[in-house]
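Here is what TrEMBL records for this protein:
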ACT_SITE  8  active site
DOMAIN    63-137  domain 'GHMP kinase N-terminal'
BINDING   90, 91, 92, 93, 94, 95, 96, 97, 98, 99, 100  ATP binding site
ACT_SITE  132  active site
DOMAIN    205-250  domain 'GHMP kinase C-terminal'
Ligand SMILES: C[C@](O)(CO)[C@H](O)COP(=O)(O)OP(=O)(O)OC[C@H]1O[C@@H](n2ccc(N)nc2=O)[C@H](O)[C@@H]1O
Ligand SMILES: Nc1ncnc2c1ncn2[C@@H]1O[C@H](COP(=O)(O)OP(=O)(O)OP(=O)(O)O)[C@@H](O)[C@H]1O
C-alpha cells in the first residue's frame with residue numbers, strides 16, 4: 001500500500017497555559033498542506049524500514065513510522081511488514097512532517113492488516129506518538145485545543161488558495177521552541193477571526209512562537225516581510241517554525257521569489 005503523508009499549517013497559535021503533565025495548552029487552527037512524503041507499507045517475511053530523501057536524525061527504531069507499527073503490534077500482535085519512507089517535507093519546520101508519517105502509518109497498517117480501527121481509535125493511538133499526530137487521522141481543517149490534539153470542526157475552506165511555504169534551512173526543535181514561550185491568554189478567538197476575510201487576519205491572527213523565536217532567528221522576520229512585500233494577504237510562521245508561509249488568495253500560483261539556494265520552497269494551492 002502506497003500513501004502520501006502530507007504536512008500541516010497552523011493558522012494562528014496561542015500558547016495559553018502550562019499543563020500538569022509538562023506540556024502546554026494551546027489554541028490553533030490546523031489545515032492540511034499538500035507537501036507530501038511517500039510511505040509504502042507491504043506484508044513481508046521480516047520486519048524492515050528503509051529510508052530515502054531528506055536524512056532523518058536518529059535510529060531507525062525511533063522513526064515515527066516504526067513507532068506506529070510497534071504501538072499497534074503491542075495490542076494486535078501484527079505480522080512482519082516492510083516499510084519504505086521517502087522523506088520530502090523538511091524536518092524541524094513546524095509542518096508536522098513526522099507526525100503525518102506516524103498517522104498515515106497507523107491508517108495504512110489498520111487498512112492493510114484489516115484491524116478495523118475507527119477514527120476515534122486511530123486518533124487515540126496517534127496521540128500516544130505526538131501532539132500533532134491525531135490531526136492527520138481526519139486530515140481536515142480543525143480548531144485544536146488542549147495539547148493540540150482535541151478538535152472542533154471549523155467551517156474554513158482554503159481549498160485552491162495559492163500558498164508559498166519557505167523553509168530557511170533552520171532546524172528548530174519543538175521542545176526548544178516551547179521552552180522560549182511564556183504562556184498567556186489568547187488575544188482573539190481564532191474561530192471568529194478566521195471567519196472574517198483573509199485581509200483582516202494580519203491584525204487578528206498571530207502565532208506566539210513568532211515573538212519568542214524571531215529575536216533569536218531574525219531570518220524568520222525577513223522571510224515573512226518578503227512574503228508580504230510580494231503581495232501575500234496573510235503570512236506567518238507555522239507551528240514552532242522555522243517554516244514561514246504566505247497565502248495569496250485570488251492567484252493561481254504564488255509569485256516567484258528568489259531565496260538563497262539552501263532554502264526549501266513549496267509553491268502550490270491548499
Ligand atoms: C508546535 C506544534 O507543531 C503546533 O501544532 C505542536 O504543538 C508540536 O507537536 P509535536 O511536534 O507532535 O510535539 P510532541 O512530540 O508531542 O512534543 C515535543 C515537545 O514539545 C513540547 N510540547 C508539545 C506540545 C504541547 N502541547 N506542549 C508542549 O510543551 C514538549 O516539550 C514536548 O516534549
Ligand atoms: N518520520 C519522521 N520524519 C521526521 N522526523 C522524524 C520521523 N521519525 C522520527 N523523527 C524525529 O522527530 C524529529 C523532528 O521532530 P520535530 O517535532 O522537530 O519536527 P517535525 O516532525 O518536522 O515537525 P514539527 O516541527 O511540526 O513537529 C527529528 O529530529 C527526528 O529525530
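Cβ coordinates are placed from backbone N, Cα and C, and glycine is handled just like the others.
Shown on the structure are the features that TrEMBL records.
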| residue | record | contacts (Cβ under 8 Å, 6+ apart) |
| --- | --- | --- |
| 8 | active site | 30, 31, 32, 33, 95, 96, 99, 100, 132, 135, 136, 238, 239 |
| 90 | ATP binding site | 54, 97, 167, 243, 264 |
| 92 | ATP binding site | 170, 171, 172, 173, 174, 242 |
| 94 | ATP binding site | 10, 172, 174, 177, 209, 237, 238, 239, 240, 241, 242, 243 |
| 98 | ATP binding site | 56, 64, 91, 130 |
In three-state DSSP terms, the structure that residue 8 (active site) belongs to: strand
Cβ-centroid neighbourhood (8 Å) of the ATP site, 90, 91, 92, 93, 94, 95, 96, 97, 98, 99, 100 excluded: 7, 89, 239, 243
Neighbour tally for residue 96 (ATP binding site), based on other Cβ positions within 10 Å of its Cβ: 30
Where the C-beta lies under 6 angstroms from ligand 1, the matching recorded positions among 8, 100, 132: 132
Secondary structure of residue 94 (ATP binding site) (DSSP, helix/strand/coil): coil
Local backbone state of residue 132 (active site), from DSSP in three classes: coil
For the domain 'GHMP kinase N-terminal' (63-137), residues assigned helix / strand / coil by DSSP: 41 helix, 7 strand, 27 coil
Number of Cβ atoms other than its own within 10 Å, given for residue 100 (ATP binding site): 29
Neighbour count (Cβ, 10 Å) for residue 132 (active site): 28
Recorded positions near ligand 2 among 8, 90, 96, 100 (Cβ under 6 Å): 96
